[in-house]
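Trainee: Got a structure here, written out as structure tokens. Questions coming.
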């Protein structure tokens, strides 16, 4: 066998397993620059742990996560500072560990580290983590996070739930952000683009007769995906960290930052089947030559690409068909306006900036949390002007966000939920956030200092960052 043939064979065999390496809940996470070519085109990136996607971080319900993030970024053509947001974590009493730059912290600078220390007393399910500084996560800094429930009430529905059953979807760009549109869709870090139809694809292996809990995570910066697996149905049992009553579908649409757990019964003929994630981007749609695809391979099937055809989707997921396994009931009274405070968020776009109630979000030089800790409590005095809203304690809030705005649909993400502190609300299309589509809720500002005592290392972040950036405050 020639060297080139051996290399091709090794690469092909290496693609046969797409299980992610697992770390945590107490760990160190190096943030590094690296040149990678997940779709065959080499480019500079920013990565967690030197891999794309970043390593799977795991823990159990009740764990104390202690993740020391070490900034080893040196590529001056890209951002060399960073922050990490632990997407979906409530961060009760640890608002300072939430991660969005200039909302709850200053960025970590090259050569420094910062310990994110938070507990998950009541949360379980499928989450993820990513940079929350400008557009940095689009350049690679994103990975899955799973909190397992040792007493999962739906464990009887599946046989396998481990690192081999996590599926990540990502848009991929051949140049540093913000150049749109994406060149490729990556599934578990591998994919093809029209210019290289022979790049490796992720292979997810199953054994006939077993039931698998797959955890699907959209780490997208922009597109949403229609996700299907040829010849198989999916029984959804979790959405965004919430257990749902089992609901069977043939396909689903998943937006940026969303997560679903579904059970797949490996009861079809031993063979290879296409996994499809079709983006809503006209230039990259379809499945010609294996783009937007991965492979579901039964043990014992030949090592080759599938020949299955996409079947007609007759039972597509409608989110209104999902119901919580345990329904705590929504707060407030069951009609519009049956709350303590109703807020209408009017979204507009002028061609380059987004506005919420006539204000674009522009990151302040002093984080909102630091402003509050220094005694500025009124939203009218907090920066950025027009983008901070006070929420009183022990109140129910109704948000109204109109549809039909340019660039939609806009998948909005609310950090925190019911805890004192400044919490980001923003569109999770990262390019829209960068263009101002965000606000901050200063919830129970007067109690923030008492409820969220910050560690000494947090106090050092801003002076260190300001010195590195030559900022005078």
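Just so it is clear, glycine is given a Cβ too, placed from its N, Cα and C backbone atoms.
Fair warning: this is a prediction, and the values are worked out from it, not measured in the lab.
Copied straight from Swiss-Prot:
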BINDING   85, 413  Cu cation 1 binding site
BINDING   410, 427, 432  Cu cation 4 binding site
DOMAIN    23-148  domain 'Plastocyanin-like 1'
DOMAIN    160-298  domain 'Plastocyanin-like 2'
DOMAIN    365-444  domain 'Plastocyanin-like 3'
CARBOHYD  75  N-linked glycosylation site
CARBOHYD  226  N-linked glycosylation site
CARBOHYD  283  N-linked glycosylation site
CARBOHYD  309  N-linked glycosylation site
CARBOHYD  346  N-linked glycosylation site
CARBOHYD  350  N-linked glycosylation site
CARBOHYD  374  N-linked glycosylation site
CARBOHYD  470  N-linked glycosylation site
Trainee: Since the record lists 309, 346, 374, 470 as glycosylation sites, which of them has the fewest other Cβ atoms within 10 Å of its Cβ?
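Mentor: Each of the glycosylation sites 309, 346, 374, 470 was scored; lowest Cβ tally within 10 Å is 470.
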Trainee: Expressed to the nearest Å, what is the distance separating residue 75 (N-linked glycosylation site) and residue 410 (Cu cation 4 binding site) at their Cα atoms?
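Mentor: Distance between the two Cα atoms comes out at 32 Å.
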Trainee: Applying the rule Cβ within 8 Å of the centroid of the Cβ atoms of 410, 427, 432, what extra residues of the same chain belong around the Cu cation 4 site?
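Mentor: For the Cu cation 4 site the neighbour list reads 354, 407, 408, 411, 412, 426, 428, 429, 433, 437.
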Trainee: Residue 413 (Cu cation 1 binding site): which of the recorded positions 350, 427, 470 is the nearest Cα neighbour?
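Mentor: Sorting the recorded positions by distance from residue 413 (Cu cation 1 binding site), the top entry is 427.
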Trainee: Would you count the other C-beta atoms found within 10 angstroms of the C-beta of residue 427 (Cu cation 4 binding site) for me?
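Mentor: The answer is 27 other Cβ atoms.
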Trainee: For the domain 'Plastocyanin-like 1' (23-148), DSSP counts of helix, strand and coil?
Mentor: 7 helix, 61 strand, 58 coil
Trainee: To the nearest whole angstrom, what is the C-alpha distance linking residue 374 (N-linked glycosylation site) and residue 410 (Cu cation 4 binding site)?
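Mentor: With distance taken Cα to Cα, residue 410 (Cu cation 4 binding site) is 34 Å from residue 374 (N-linked glycosylation site).
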Trainee: Going by DSSP, is residue 427 (Cu cation 4 binding site) part of a helix, a strand, or coil?
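Mentor: Note: residue 427 (Cu cation 4 binding site) is in a strand by DSSP.
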Trainee: Return the residue, from the listed glycosylation sites 75, 350, with the maximum count of other C-beta atoms within 10 angstroms of its C-beta.
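Mentor: Of the glycosylation sites 75, 350, the most buried by Cβ count within 10 Å is 75.
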Trainee: Just the number: how many Å between the Cα atoms of residue 410 (Cu cation 4 binding site) and residue 350 (N-linked glycosylation site)?
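Mentor: With distance taken Cα to Cα, residue 350 (N-linked glycosylation site) is 16 Å from residue 410 (Cu cation 4 binding site).
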Trainee: Of the recorded positions 85, 309, 346, 350, 427, which one has its Cα closest to the Cα of residue 470 (N-linked glycosylation site)?
Mentor: 85
Trainee: C-alpha of residue 350 (N-linked glycosylation site) to C-alpha of residue 432 (Cu cation 4 binding site): distance in Å?
Mentor: 12
